[in-house]
Amino acid sequence: MGRKDSVWSLGDGQPPEDLEKPVENPPLSILLIEKPLSGSISVGGDITFVAKVEAKDLLRKPTIKWFKGKWMDLASKTGKHLQLKESFDRFTKIHTFEMHIIKAKENYAGNYRCEVTYKDKFDSCSFDLEVKDAPEASQSIDIRSAFKRSSEGQDDAGELDFSGLLKHREPKQEEVPEVDVWEILRNARPDEYERIAFMYGITDLRGLLRRLKKTKKEEKKSEAFAKKLEPAYQVDKGGKIRLVVDLADPTVELKWYKNGQEIRPSPKYIFEHKGTQRIMVINNCTMNDDAAYSVSAGDEKCSTELFVKELPVNITKELEDVKTTVNERIELECEVSEEGAQVKWLKNGVEVPTGVRSRFRTKCDGTKHILIIDDVMREDSGTYSLMATGGTTQAKVQIDLKPLVIIQDLSDMTVRLGQPLKLHCEISPGNVPGRWYRNGQLIQASERVTIIHRARNHRLEIESCTISDAGDYTFVPEGYTQKLCAKVHIIDPPKVHLDSLNFPDNTVTIVAGNKLRLEIPISGEPAPRVVWMKGERVILDTGSRVHAETFADHTSLTIDVTEREDTGNYKIVLQNEAGEDTATVKVKVVDIPDAPEAPTVTEVGGDWCSMTWNPPLYDGGSPILGYFIERKKKQSSRWMRLNFDLCKETTFEPKKMIEGVPYEVRVFAVNAIGVSKPSDPSRAFVPLAVTSEPTMLVVDDVTDTTVTMKWRPPDTIGAAGLDGYMVEYCIEGTDEWIRANKELTEKTKYTITGLPTEGKIFVRVKAVNAAGESMPRTTQHSILVKEVVEPPKIRVPRHLKQTYIRRVGEAVNLVVPFLGKPRPKVSWLKEGQVVDPTQVSIRNTDCDSIFFIRKAERKHSGKYEMTVQVENHVDTAILDIQIVDLPGPPQAVRIDEVWGVNVALDWTPPKDSGNAPITGYTIQKADKKTMEWYTCVEHYHRTCITISDLVVGNEYFFRIYSENMCGLSESATVTKDSAVIVKEGLHLKIPEYNDYDFTEAPKFTQPLVNTSAIAGYNATLNCSVRANPRPKIMWMKNKIIIIDDPRYRMFSNQGVCTLEIRKPSPFDGGVYTCKAINDLGEAQVECKLEVKGGFTFYELLQRGVPLHLIDKYMNDSKPAESEKK
């Protein structure tokens, strides 16, 4: 027989222990929109099962699992016979899951399950697969059929087969075994058991391993047995089996065992001897005989397994259909082929519960099986079936109702509110339950409602009736279409329930302008007629602003916009057939108070005022709680509240106002209802304040009859401004203050006249504005009215203590203040001569002298002496005035030498320096062809220069401007001759001369000049040297060679040597030396450099100067400072 290839046969069907568990009903489908359907195929055929899930409400793909039986997941069994596929349609939003079975085999048959999960949702579906057309099976014992769970009730099924309890199918046949599987398993390794079991279609691997563990032992050559027992035997239930062993020694004592217990001879167990054979016969085999048997001969033992196959239980008498009425007793009876057989009763395919509390009872009498149902109901109708291992029988049971007879019908009732209600009816049959309804709503029993059913009597009792208990009552017998009906009418006298409103003294308070809806609970059955009245006027439900409405449980009075006139008593009258009732409700309409009158401002200060007002005429029906005050600037429209806590009084003092700005104020009255409208604004007022007292009152001048006082304005003037000052004096010894100025003076100086000579007075000054007079400022001591002589003193301004320099044409305006009393005499001299008033304008005052030249000329330069004299006291001062102008051009500009592309120029300083030092020269050149001038050098200090980098072949003229502090000279001096730069290649025939020895030792043609520099500004040292061959130039400071110092830059061009000192400090001052050396000798020149603007010790230390150099610098600077002094 070929290998049975099954990739999932190891879990085929449910395990035996799971079959005894009750089958749970599957949940309602919430995910699957198409479930896989059961199907059948032939051996070797293909089949596909499809499940579909709608994904409209799903955020991701659901999870699906395919199972065979209850526990085997087919996801791990996919291969050439099983394929799982899934797809998704984007247009229909449907997931499709498919399971393909390819070339199906017999053991693929069974129950399958599909489970779908998504988050907390779950859905599942079961379906069956039937594989047909299997070949007939041999009746000989086969270990593969004994340990196979998937067979559907074969005649040779082993003890582990429970298929007889499942759906009946036709027996399937298997091929006759061609190999000894037991022999293969005994000789195989344990890790090969599963492969061999799958190869030969054995699915109950656990049972196989359990039996194999007992039987498999290493076979040794037996000394007691010539032939041992077979590994396993099989016998039908009720049949007979012979177990035979052949002994090598017939004299050996032999014992038989069943599950380890020795077997004694009995009618069931018969022992036979035939030569060396020993035989044990087991008669009438039952399921208890299915066990492990062994036989011992001396010290040796051999074992075997006996499998008892239970024959199918057949049905010998079928169930019969039953038709009866409710509350009767029925019995369903059938007979089977075997006594005491296990059967299962089913109703509509579901097993019938037969527990202690169940209405179903089963009875077994030999081969008879009876299902008894006492007191049947209509729900018991259906198809009942009995399932045995050999077949199934079924019968239909129909339960009908008995005809309903109404003995006593329900009757209509009228009940007073609060009284009990009792409804009674009587029907037959008496055991029929029923339901009570009120107005179509089911009535449930409660503490107030009692439902009684005794035999044929049905009663509904309500302890205390309410209005809601009125209506149509219906009793419906269960299972019948007939109904018993009655009407219940509840009556109640009308009543107004004012107590439930909790209004004090039945008074309702409402704010004017609000909507009032007064709902008054009422009761009465039938519904009473309601009338609202105010005085003798009836309020109708058709009113516009005031109207009344009536509902089932209350009546309402509505005033859309309440007014003060709505205050009053409102009467309610109720009437119905059971009586009449009245009630009165008082409505009080309250409102905000009227606006107060315009407030009055009684007093005004610098940033405050005092205001008062009268209470409003009408307080709105509620006491005035206080007032709010607001203010605003007159030109503004924005009001600002001044108090957030209510003002209880009718006076208020606003503060923190801006002085000089007009303001208005207004008032709001407040009661419990709200805030009134604002009052009319007050008259505009302006907060003003007097100024502070004048400051620094001092005596400016005193004569024999006058006193001149001066002072400064007040520190605080205010928005009212300052109109002027009032000066008063008081003669010492009196208390009378005399006003000195009849009209206010705006000046801060005033002379009091008409005073007695040598009298003593006190003086005070007041500042006056629109708000009044300020506090006075008074002299601390008395003033003696007598003139005092004060020696003159000239106070020369600081800028006139140095030479005062101005350019020609500029104005000269000098003010020189002086002191002295009485008024000093002032005179001006120039070079000992009186100043010519036509050249200089001089104007003298009591305290200064003004020196003015409208248009300065160079002749105005010189030293001017100013003399101030008071009686015998004299003071003098000298002013040095220098008038400068542009310089004249340089003199005698000539071309000194021309060589190569270089031209040497020299000249003499200008004759006219412009009354100022010459600060430099500007040298320009021009090509003779174009005569366009170009600047070569600016701000040049020396009177000789070498112009280089000229163009060969051109002819040049040169001109020079002189420069001083006023600028360049107006004209320049041009060289008379031109300098021709000879082109290369042109050779003149020069007479032969003896070669001249041009070699010479270094010689400085222009020495170094002592220079003063300003600290922080670059300084340069220049000199020129002539030598041949070219000398080596070295610079030294204080005899120390300067090498690789970034603060110094050294240049040498055409014999001109330059040393540039970058941003020198006082430390850089000293003696600098320029030394030129060649093979013929050496020469050097020196100069002193003074750097002005010294540094402190701390600044030098911060710059990183060594301490010994700092010490030397500090010591050198001290003598220099002493010399300056």
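Heads up, the Cβ atoms here are built off N, Cα and C, so glycines get one too.
Just so you know, TrEMBL annotations are computer predictions that nobody has curated.
Just so it is clear, the model here is predicted, and its values are computed rather than measured.
For 1-23, the entry in TrEMBL reads region 'Disordered'.
The domain 'Ig-like' annotation in TrEMBL covers 312-398 (among others). When pLDDT values are averaged over the domain 'Ig-like' (312-398), the model yields 87.
Here TrEMBL flags 403-474 (among others) as domain 'Ig-like'.
Marked as domain 'Ig-like' by TrEMBL: 494-588 (among others).
Among the features that TrEMBL reports, domain 'Fibronectin type-III' is placed at 595-689 (among others).
Under the heading domain 'Fibronectin type-III', TrEMBL lists 693-788 (among others).
Secondary structure by DSSP for the domain 'Fibronectin type-III' (889-985): 0 helix, 52 strand, 45 coil. The annotation domain 'Fibronectin type-III' is assigned in TrEMBL to 889-985 (among others).
Taken from TrEMBL, the feature domain 'Ig-like' covers 1002-1090 (among others).
Here the domain 'Ig-like' (312-398) has, by DSSP, the following mix of helix, strand and coil residues: 3 helix, 47 strand, 37 coil. Residue counts for the domain 'Fibronectin type-III' (595-689) under DSSP, helix first, then strand, then coil, are 0 helix, 35 strand, 60 coil. The DSSP breakdown of the domain 'Ig-like' (403-474), given as helix, strand and coil counts, is 3 helix, 39 strand, 30 coil.
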